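Trainee: Take a look at the following structure, please.
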2 protein chains.
Amino acid sequence: MATGRPTHPADRGRPANRGRGIPEATVARLPLYLRALTALSERSVPTVSSEELASAAGVNSAKLRKDFSYLGSYGTRGVGYDVEYLVYQISRELGLTQDWPVVIVGIGNLGHALANYGGFASRGFRVAALLDADHAVVGTTAAGLPVRHMDELEDIVEEEQVSIGVITTPPGAAQQVCDRLVAAGVTSILNFAPTVLSVPDGVDVRKVDLSIELQILAFHEQRKSGEEGAEQAAAPAPAKASAPARAAAKLRRTAATATTAAAGTDGDLPAVMPA
Amino acid sequence: MATGRPTHPADRGRPANRGRGIPEATVARLPLYLRALTALSERSVPTVSSEELASAAGVNSAKLRKDFSYLGSYGTRGVGYDVEYLVYQISRELGLTQDWPVVIVGIGNLGHALANYGGFASRGFRVAALLDADHAVVGTTAAGLPVRHMDELEDIVEEEQVSIGVITTPPGAAQQVCDRLVAAGVTSILNFAPTVLSVPDGVDVRKVDLSIELQILAFHEQRKSGEEGAEQAAAPAPAKASAPARAAAKLRRTAATATTAAAGTDGDLPAVMPA
DNA sequence: TAGATTGTTAATCGATTAACAATC
DNA sequence: TAGATTGTTAATCGATTAACAATC
């Protein structure tokens with residue numbers, strides 16, 4: 001709290017944040033602010049307060065102001081933030097004022113969905129090519145673009161200066177595709193395959209996992225209906241019964257009708273171990 | 001560090017974690033462990049060390065052991081963890097030993113992709129119904145299931161005891177769909193529409209945003225090629241030039257060819273303000 | 001027993017939040 | 001000036017990590 005005391009000695013002369021470092025948590029929220037601001041901009045709203053913008057973005061206003069403080073002093077006390085100006089500043093900070101060619105590898109259902117996703121083009125992302133290994137898919141079109149064969153990957157990445165690759169292949173193919181993308185010069189990968197990818201230093205990987213989010217929801221859903229109970233089942237005896245037996249005792253309950261989902265396979269997406 | 005000193009008095013007699021609370025960060029990683037363990041299980045690997053499993057899941061072993069400590073003592077010192085036993089315990093903790101009927105609302109490209117996604121069924125998630133408001137889509141089939149009309153939503157949720165809904169509609173429809181789901185009794189929502197949803201207390205919402213991940217990659221990609229530079233552009237003058245002018249001075253650079261992606265629209269996914 | 005590996009401690013790090021002085 | 005709202009401080013909270021005693 002600023003209680004009227006002088007600035008703490010250790011903080012004197014220190015910039016808001018050392019050097020270039022914007023916290024990861026802040027970076028992850030900038031797209032949310034940008035979306036809310038873009039909506040305001042389309043409605044020709046000239047200025048917005050931290051309170052209004054925070055509510056539109058689904059965060060609290062203290063967090064928003066703190067986040068913005070890492071970018072600079074872009075607001076006006078007593079007034080708020082200029083919408084257009086802030087849209088520009090956040091876009092620039094995120095790197096969206098430049099064109100980002102991306103390749104999408106694996107044109108199944110999800111690849112199709114992404115190729116058609118409007119939220120990309122509007123933010124500077126341009127689909128440079130759609131690639132697939134299956135000759136039955138190559139030559140068809142998706143979102144107005146021809147699906148090209150994996151063989152062309154290296155040429156396309158070089159010619160189009162692609163630095164971002166999107167992987168929507170089955171998990172068994174993901175690491176190979178990743179390796180080829182990296183070898184060709186791609187340094188950022190968005191991975192939709194449920195596989196842990198290994199990449200060399202300097203390459204960023206982000207992961208979107210459709211089933212993980214659902215599993216997290218199930219966890220919380222489970223504790224809504226009666227805290228415990230419902231999910232009763234007999235724990236299978238572990239191979240070495242010694243230590244786990246202690247634990248098993250803790251949760252001993254009546255036998256029940258639990259399906260052994262855990263022991264099932266991954267359906268058409270068999271999990272693959274990383275190298 | 002455990003330096004041989006006795007347990008800190010405040011910690012004496014305290015359970016590993018008070019009551020039911022497993023940290024959110026831990027819950028979010030349990031699906032990763034489960035996937036790696038399932039792969040080991042399919043290869044009939046009987047036991048695994050924290051080091052091996054952590055590497056397969058893409059985390060470090062200290063974090064993994066800490067995470068598991070919230071679940072209980074399921075390992076054996078000097079040996080490791082029994083794979084089958086741990087698969088079961090994590091599945092149970094996540095609530096995956098029971099059947100979770102879900103409805104998917106909005107059967108466009110993404111809805112199709114999700115309906116076909118194999119990672120759901122194998123983890124106890126069962127698609128109870130596919131719903132769409134468009135009569136041109138209703139009656140077609142996706143993943144072997146008929147697409148039904150939104151009018152049936154309430155009946156289906158009640159009859160099938162659906163507690164989880166997946167929204168893959170355009171953003172303009174998301175809040176309405178969300179309201180109907182909640183009114184019908186759904187208490188967990190997985191939202192793929194780029195919209196902030198407002199829900200009453202007791203309803204969980206998780207969000208998957210396809211373009212946000214790409215924007216975060218762009219942010220990091222931007223600082224790889226030359227720290228700064230590349231993304232030079234003249235900042236547009238803010239409406240009120242007073243305060244922002246100071247900030248603008250900080251970043252004044254030469255004019256450039258930046259595309260104004262930021263001012264663009266959301267393509268076929270126009271952003272919508274929350275209520 | 002000796003070697004291996006867990007479960008837990010405690011330090012550190014990073015993120016969140018409320019509060020308020022600064023300032024429009 | 002009075003009212004409004006930012007930018008920043010400092011407290012708190014939660015997550016990560018290395019280290020190692022406990023224990024198989």
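Cβ from N, Cα, C; glycine included.
Predicted automatically and left uncurated, TrEMBL annotations should be read as such.
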Trainee: Labelled region 'Disordered' by TrEMBL, one stretch among B:72-122, B:225-275. Can you tell me which?
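Mentor: When B:72-122, B:225-275 are checked in TrEMBL, region 'Disordered' belongs to B:225-275.
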Trainee: Which state, by DSSP, holds B:I107 (NAD(+) binding site): helix, strand or coil?
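Mentor: Coil, per DSSP.
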Trainee: What residues, ordered by sequence, lie under 8 A Cβ-to-Cβ from B:G108 (NAD(+) binding site) and sit at least six positions away in the same chain?
Mentor: B:T168, B:T169, B:P170
Trainee: What is the average pLDDT across the DNA-binding region (B:32-71)?
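Mentor: When the pLDDT values over the DNA-binding region (B:32-71) are averaged, the result is 98.
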Trainee: Taking B:N109, B:L110, B:G111 as the binding-site residues to compare, which has the smallest set of other Cβ atoms within 10 Å?
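Mentor: Per-residue Cβ counts within 10 Å for the binding-site residues B:N109, B:L110, B:G111 bottom out at B:N109.
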Trainee: Using Cβ atoms only, which residues of the same chain lie under 8 Å from B:G106 (NAD(+) binding site) while being at least 6 residues apart in sequence?
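Mentor: For B:G106 (NAD(+) binding site), the qualifying residues are B:L131, B:D132, B:I167, B:T168, B:T169, B:P170, B:A173, B:V177, B:A193.
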Trainee: Does anything in the same chain, at least 6 positions from B:I107 (NAD(+) binding site), have a Cβ under 8 Å from its Cβ, and if so what?
Mentor: B:A115, B:L130, B:L131, B:D132, B:V137, B:T140, B:A142, B:V147, B:T168
